[in-house]
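Right, one structure below, let's go through it.
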Amino acid sequence: MEPGDLFIPVDTIEEEATLTCDAKGVPPPQYRWSLNGTLINLGLDRRRRLSGGNLIISSLDRYQDVGMYQCMAFNAAGAILSRRASLQFAYLDHFKVHTRSAVSVREGQGVVLLCGTPTSSGDLTYAWVFNEYPYFVQQDNRRFVSQQTGNLYVAKVEPSDVGNYTCVVTNSVTKGKVHSSPTALILKTDGVMGEYEPKIEVNFPDNVSAARGSTVTLECFALGNPVPEITWKRANGVPFPSKVKMKYSNAVLEIPSFQQDDTGGYECVAENRMGKNTATGRLAFYGTETPSFPAVKDAALAIEERLHWECRANGKPKPSYTWLKNGQQLLSGVNYSLSSATYQYFILKTKSAASAHLLVSSSPALLKAKAGTTVTLECKPQAYPVASILWKKGNLPIHINDRVTLSPDGTLRLANVSKSDAGGYTCFARNRFGMSSTTGRLLVTDPTRITQGPVDMEIIVGESIVLPCQVASDPVLDVSFSWAFNGQLIAKGDGHFELRTAGDLMIRNIQLYHAGKYICVVDTDVESLSAVAILIVKGPPSPPDSVTVEEVTDSTAQLAWSRGRDNGSPIANYFIQTRTPFTVGWQRVNTVPEIIDGNTLTATVVDLNAWVEYEFRVLARNSVGVGEPSPVSVRTRTEDAVPDAAPGDVGGGGGSRSELVITWEPVPEELQNGESFGYIIAFRAFGEVSWTHVATSAPGASRYVYRNDSIAPFSPFHVKVGTYNSKGQGPFSPVVTIYSAEIEPSGMPAGVWARSVSASEIEVNWQALSYSPERVLGYEVVYWEDDTKPETMGKVRVPWNQTVVTVSGLAANTQFFLTVSAFNTAGTGPFLPAINVTTKKPPPAQPPMNIEWTLIGSQLSLYWEPVAATESESEVTGYKVSVMLPDLLALGCPSVNSVCHLCPPPDYVIRIQTLSEGGLGPASEPIRVHRLSKITPEAGSLLHPAPSSTRLPALTLLRDSAPLLLHTLICIVNIR
């Protein structure tokens, strides 16, 4: 048993750690341990001790005990080393305590909230809390939490996203959890972000190495408006196996049990109707293969001959080699020679004599040859002393002639073979120690022909084709196929290529670089032939190059660029995209000429904003499609100009006495057209001719308050707001009418009175103000339980034309104080003197019990026990009987207004409740009456209890055969 890797939480370092090591041997082995290559002296180390072969470490130290451990087991017969095992400590520090700045974005814009992971050791997982624990951000196609970076990505912000976000980091080993400071997400008020193409923010590395059997996770997420859709594909076009999983709306690709077949290129595509973006990477296999040794067979060697032992291993990183003898490193010496980093040769130079022997090795048992070729049959005996050679075909000796020759080493050569040369051949070797022989068979075959080979083709990027390679061959031959592309052999599972068993080559998802020369090579046991085809691939144009901005005004920019490759199809036209600090992603812009043909390499971009930095790129289109964009131009600022945008949504009003409050929507920065931007606020009272002008130099200002004691309350004013910058004055907004601040009403309503309606409701009445010099918007009713407890105060507001309101949700059997006042935007006027009223006692808490019913002919009668109110409850004044028919549609019937022949009439449900001044009491348990088709109250069915009766017949109902029309029937039974 070998030691395994250990990962220990820091908070458990007072406990012991055990590294296992157990070996078998005779005599029983002893053990030694090393740390980072240095032998551990257990005699001087009080914290480390052996138990059998296991190493036990107590009072663990985070800094002294970390490292690589290795165990050696040894006895008198030899020694062996274990694998190396690591000991690591897991921990998670706290976030630094500081206030995080708010993140301000427009609605529709994408955003990334950074987690800022603290220092740690061990695998981490990430989550985000929205506003308060335990409300976590739910991941969907719009929101994604990366388990690589810990950041939260929102593809397109919506108003519901506004709030505070907290990053939660958990250590998977220690289970410890830490929280960051909250980050506030707020919406800008300068407009909504327009649609833009996807921008990939979460991407996997260009090259990812993974070990055999591990789980590989690739992440990909993009910002965009509309929200982009994420798809994955392999670079070779081969579909994903069933084990591959897509998670979190395809933002995560998971490959469990990673194997050699999973290596290769992977591509993530983020796409919406504005465009698409791609991210690519490559998965490589990381791991070593067990060293393989050729079989070492017994051999009879002459003195001074050499024996070679070969050790080869493949792996990443490149392996190193060490030979051990009895656990000790073997070095080159007199009898041993070690050489080469890739191959190790163990060369035996021994002085001891070897036994003499005779061994014959010959050609394979079955040898195939094409008619007309030369065949060589080998017979190379290893004999001491040297043996003589004799060949036979069948039982007849072979005679040497011009076509049949025999070499000194025993090799038989047959030239220009034919079908008559087929048969069994035996080689005999003899010396004084004996004779040995070996027999083989020669099979002469017909030539092989390629019946259908590949042909020259033209194909479009992204398509798939099959290049055929079919042959006719002798049935006894083993035929194999291979393909070469531009001189390089195509391996199985190599990218886009699939070598089919029948010899055909399938190329999936063809790219431009697949254009070239393809050769099909056919190999049999006896010959090799080939066929050649040229493949021409057409695709979208390559990116244009050298995009330069040659001339700029306040609204235009002249661009020039150089042509890219047309990739087999002439370029039809170009179009231009731009990006600014105020946009997310690239957007297409208007140009002159409006349509830029494929022979034009200059154009003027129009409709730009003044004093804004722009970047440009150019894309080309041909009959195949749109190519990749050009490199981005140098960032260029347009010239400044007088503002051409006025503030929007100008309004105002309210404020304190003698104030005129003016508000507006600020002009976005990208429309301010120059430096020193500000606003001009103009206003005048009704009837005045001249305007009062006030300027503010704050570009983000949205409010101005004019104060003057001469302003009459609630006076109308004409208002407009304009813009200016260093180039001059811009336009004004349309003129609007607003009112100065008003003062609260000075009068108060009269005749207020109130009554208790139920245990939870009070009705309040008052008389409207007959006259008020101030504007009255409505009335405010204030109520409270106790003058000493202001926190119990409640308010209800109603419009000016209403003089009654019901206050609900009150406590039962409780005295309340009430008062009424008038209000407007300045506040409330004086309150009336308070009055008081007490809510009624609550209804009985006991529902009607022991309900019985009888059905005689067409008459249904109900009986129940009377409910007696307690001292703290309202007296019972009657009963409410509700008869309900279940929803027929829910029962599968086509309509509640039609006769259902497939569904039997359902049961009616009857419930009974008490009536009292305090309101309606709880309902009884439901009573089900079977197959009532229609129920109506019997005339005069309001029944009064008899003084001596202990049960009350409350209601008599009728039964007939009418269709199912009734939904709910309510009857009120009074007992007063």
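Just so it is clear, glycine is given a Cβ too, placed from its N, Cα and C backbone atoms.
Look at TrEMBL and you will find 1-88 (among others) tagged as domain 'Ig-like'.
Applying DSSP to the domain 'Ig-like' (93-184) sorts its residues as follows: 3 helix, 38 strand, 51 coil. The annotation domain 'Ig-like' is assigned in TrEMBL to 93-184 (among others).
The residues of the domain 'Ig-like' (198-284), classed with DSSP into helix (H, G, I), strand (E, B) and coil, number 3 helix, 51 strand, 33 coil. Residues or ranges marked as domain 'Ig-like' by TrEMBL: 198-284 (among others).
If you look up TrEMBL, you'll see 291-329 (among others) marked as domain 'Ig-like'.
Marked as domain 'Ig-like' by TrEMBL: 372-445 (among others).
Residues or ranges marked as domain 'Ig-like' by TrEMBL: 447-530 (among others).
The feature domain 'Fibronectin type-III' is assigned by TrEMBL to 543-641 (among others). Mean predicted confidence for the domain 'Fibronectin type-III' (543-641): the pLDDT average there is 96.
Annotation comment: TrEMBL describes 629-657 as region 'Disordered'.
Per TrEMBL, the feature domain 'Fibronectin type-III' maps to 646-743 (among others).
Per TrEMBL, the feature domain 'Fibronectin type-III' maps to 748-842 (among others).
Residues or ranges marked as domain 'Fibronectin type-III' by TrEMBL: 847-939 (among others).
For the domain 'Ig-like' (93-184), the partner stretch with the most Cβ pairs below 8 Å, chosen from 198-284, 543-641, 646-743, 748-842, is 198-284.
DSSP states for the region 'Disordered' (629-657), grouped as helix (H, G, I), strand (E, B) and coil, give 0 helix, 7 strand, 22 coil.
Break the domain 'Fibronectin type-III' (748-842) down by DSSP state and the numbers are 3 helix, 46 strand, 46 coil.
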